[in-house]
Amino acid sequence: MPIKIPDHLPAKEILAQENIFVMDESAAYRQDIRPLRIAILNLMPTKETTETQILRLLGNTPLQVDIVLLHPSSHVSKNTSEEHLRSFYSTFDEVKHRRFDGLIITGAPVETMEFEDVNYWEELKQIMDWSVTNVTSTMYICWASQAGLYHHFGIPKVPLEEKCFGVFAHKVNKPNVKLLRGFDELFYAPHSRHTEVRREDIKRVPELEILSESDEAGVYIVGTKDGKQIFVAGHSEYDPLSLKWEYDRDVAKGMDVPIPVNYFPNNDPSKTPPSTWRAHANLLFSNWLNYYVYQETPYDIDQIVDSYSI
Ligand SMILES: CC(=O)SCCNC(=O)CCNC(=O)[C@H](O)C(C)(C)COP(=O)(O)OP(=O)(O)OC[C@H]1O[C@@H](n2cnc3c(N)ncnc32)[C@H](O)[C@@H]1OP(=O)(O)O
Ligand SMILES: N[C@@H](CCO)C(=O)O
């Protein structure tokens, strides 16, 4: 079964070449199965790249998935054209009366700022509050995971002495948790952060559990015990060359940036890095979609009385 995305989204062609079946909005669906409604709040400046990365992972499913792309209306985007946003994106105001089976909130390059200085912070807080009542399960990625843990549970983000940058080994803390079904005991995922959330701060909150962490990169996946909120500190969605692109960008700017750990062959930035986390990324997204979205969401999501008033 396909995922359905906005007509003419550039990601479609790339995904089609990878044998991922995507349908335009206008295409007809099977009528007997209600498609899942998934919103992606895309906070990344590299919006088209992120669209492709996340749709690639959501496309690895036999479920029918309708995608709604959201951007914060309180931020004027420097790196994404207005035309792209107008053609393919909606705003929170346009969808807040609706319910969603799932919501993904992406990372953002704002982690060295105070949350309150991010110009879309008030809007993001509204969206995070709305998600508690209007979304079955929300996945927060990288900076969004820090924003979510801070807003919902008061957990601070803390600056790191050196950027956490590379592909790190992780362990499974809670093997019986459904999100981790099928995970290898040791698996790899990329991180690219100047800040972290500390395990001792998470441990203090009874609603939260650390599902996976890394000796070197720290906390990786945190979940609320009811599965409604999943916080992922890394970037499993990244392409094989995303870290290289960030590294080359910073070197070109003359920045003192570490070579990404466990990434380039022989630690040599002139060599092409292999992907070592693709299987993990596919499993993380398909477990979330299956267990936390599809199996938990009501058949008719629009019938629930809306307890959230804006
Ligand atoms: C911790 C994580 O979540 S990691 C995820 C973030 N990673 C990435 O974004 C990697 C890719 N991004 C990049 O390489 C760079 O941001 C670039 C090259 C695209 C742009 O860099 P520059 O133009 O030098 O940065 P600049 O400071 O002007 O702003 C970049 C972005 O920061 C964000 N930003 C900066 N200031 C603010 C602010 N006050 N409030 C909200 N967002 C802000 C915006 O997202 C902005 O891009 P956008 O307007 O297109 O959305
Ligand atoms: N992943 C980011 C970190 C900045 O928030 C970058 O290096 O662009």
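Cβ from N, Cα, C; glycine included.
Under the heading site 'Important for acyl-CoA specificity', TrEMBL lists Glu111. The Cβ of Glu111 (site 'Important for acyl-CoA specificity') lies under 8 Å from the Cβ of Cys142, Trp143, Gln146, Lys157, Arg193, His194, Thr195, each of these being in the same chain and 6 or more residues away along the sequence.
Taken from TrEMBL, the feature active site, acyl-thioester intermediate covers Cys142. For Cys142 (active site, acyl-thioester intermediate), other Cβ atoms within 10 Å of its Cβ number 26.
Annotation source TrEMBL lists substrate binding site at Lys163, Ser192, Arg249. Packing around Arg249 (substrate binding site) is summarised by its Cβ count: 11 other Cβ atoms lie within 10 angstroms of its Cβ, all protein chains included.
Annotation note: Ser192 (substrate binding site) sits in a strand segment as assigned by DSSP. All protein chains included, Ser192 (substrate binding site) registers 20 other Cβ atoms within 10 Å of its own Cβ. According to TrEMBL, the feature site 'Important for substrate specificity' maps to Ser192.
Residues or ranges marked as active site, proton acceptor by TrEMBL: His235. Take the CB of His235 (active site, proton acceptor) and look out to 10 A: across all protein chains shown you find 23 other CB atoms.
As annotated by TrEMBL, active site applies to Glu237. Residues near Glu237 (active site) in space but far in sequence (CB under 8 A, at least 6 apart, same chain), listed by position: Thr50, Gln53, Ile54, Arg56, Leu57, Ile141, Ala281, Phe285.
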(request) Taking ligand 1 as the reference, state which of the recorded positions Glu111, Cys142, Lys163, Glu237 have a Cβ closer than 6 Å to one of its atoms. (result) Glu111, Cys142
(request) Count the Cβ atoms, other than its own, that fall within 10 Å of the Cβ of Lys163 (substrate binding site), considering every protein chain shown. (result) 18
(message) Around the substrate site formed by Lys163, Ser192, Arg249, which additional residues qualify by having Cβ within 8 Å of the site's Cβ center?
(response) Phe165, Leu243, Glu246, Tyr247, Asp250, Val257, Pro260
(message) Please report the distance from the Cα of Lys163 (substrate binding site) to the Cα of His235 (active site, proton acceptor), rounded to the nearest angstrom.
(response) 14
(message) Based on a Cβ-to-ligand 2 distance below 6 Å, what subset of the recorded positions Cys142, Lys163, His235, Glu237, Arg249 would you report?
(response) none
